[in-house]
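Note sheet for the following structure.
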Amino acid sequence: AGLAGAAWLYLRREKEQRLRQRRLRDLRALALGQGDFQLQDTSGTPRTRADLLGRWVLLYFGFTHCPDVCPEELEKLCRAVELLEGVPGLPPVQPLFITVDPARDDAAALGRYLRDFHPRLQGLTGTAEQVRAAAGAFRVYVSAGPPDPDGDYVVDHSVLTFLLGPDGLVRDCYGRSRTAEELAKSVRGHMESYEPLPA
């Protein structure tokens with residue numbers, strides 16, 4: 001029975017590894033996040049994709065005037081980071097927020113908004129062209145709605161959280177239905193089985 005159980009665990013791990021490798025190949029074929037970007041953080045320091053290399057990153061695109069979805073997704077992302085921080089031996093995960101509404105989300109606005117979520121949550125903004133290029137690199141859909149009489153508007157956008165590996169490649173992406181616990185479990189699995197993909 002013990003031998004059968006060990007064989008079953010081995011086959012299960014092999015199957016999970018094959019599925020993970022296939023998903024990585026599919027994500028790489030989509031060329032998600034492989035383009036560079038030129039943005040700035042909340043202190044005004046220029047940032048590019050190269051600044052993310054060597055770190056695990058959980059990335060979410062959103063905007064500070066979002067009434068409910070973005071705050072919920074950021075809370076979930078930050079909770080997943082906290083869960084991972086509680087596991088000894090795991091490398092740190094950098095939580096990252098890129099605005100899709102640079103007209104209202106300048107560096108100061110991002111700084112005020114993000115400080116309530118996680119002490120290491122970094123925010124990036126830029127010109128409309130720079131933000132559009134960054135969103136396009138991840139194939140994030142963005143469309144600003146018409147302004148109301150007060151000039152307020154909602155930005156429709158893809159609701160996805162991306163996991164970037166130390167090689168800068170998208171290792172996974174998570175939709176709105178995933179919980180913080182599921183995100184943390186998936187990220188941990190990617191960390192434990194991490195192998196850089198060949199160029």
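Backbone N, Cα and C atoms are what each Cβ position is placed from, and that goes for glycine too.
Lifted from TrEMBL, the feature list:
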- 28-192: domain 'Thioredoxin' (DOMAIN)
- Cys66, Cys70, His157: Cu cation binding site (BINDING)
- Cys66-Cys70: disulfide bond (DISULFID)
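Neighbour density around each Cβ, counted as other Cβ atoms within 10 Å, peaks among the binding-site residues Cys66, Cys70 at Cys70.
What surrounds the Cu cation site, by Cβ distance within 8 Å of the Cβ centroid and not counting Cys66, Cys70, His157, is the set Phe61, Gly62, Phe63, Val69, Glu73, Val100, Val155, Val159 from the same chain. Taking the Cβ of His157 (Cu cation binding site) as centre and 10 Å as the limit, one finds 20 other Cβ atoms among all the protein chains shown.
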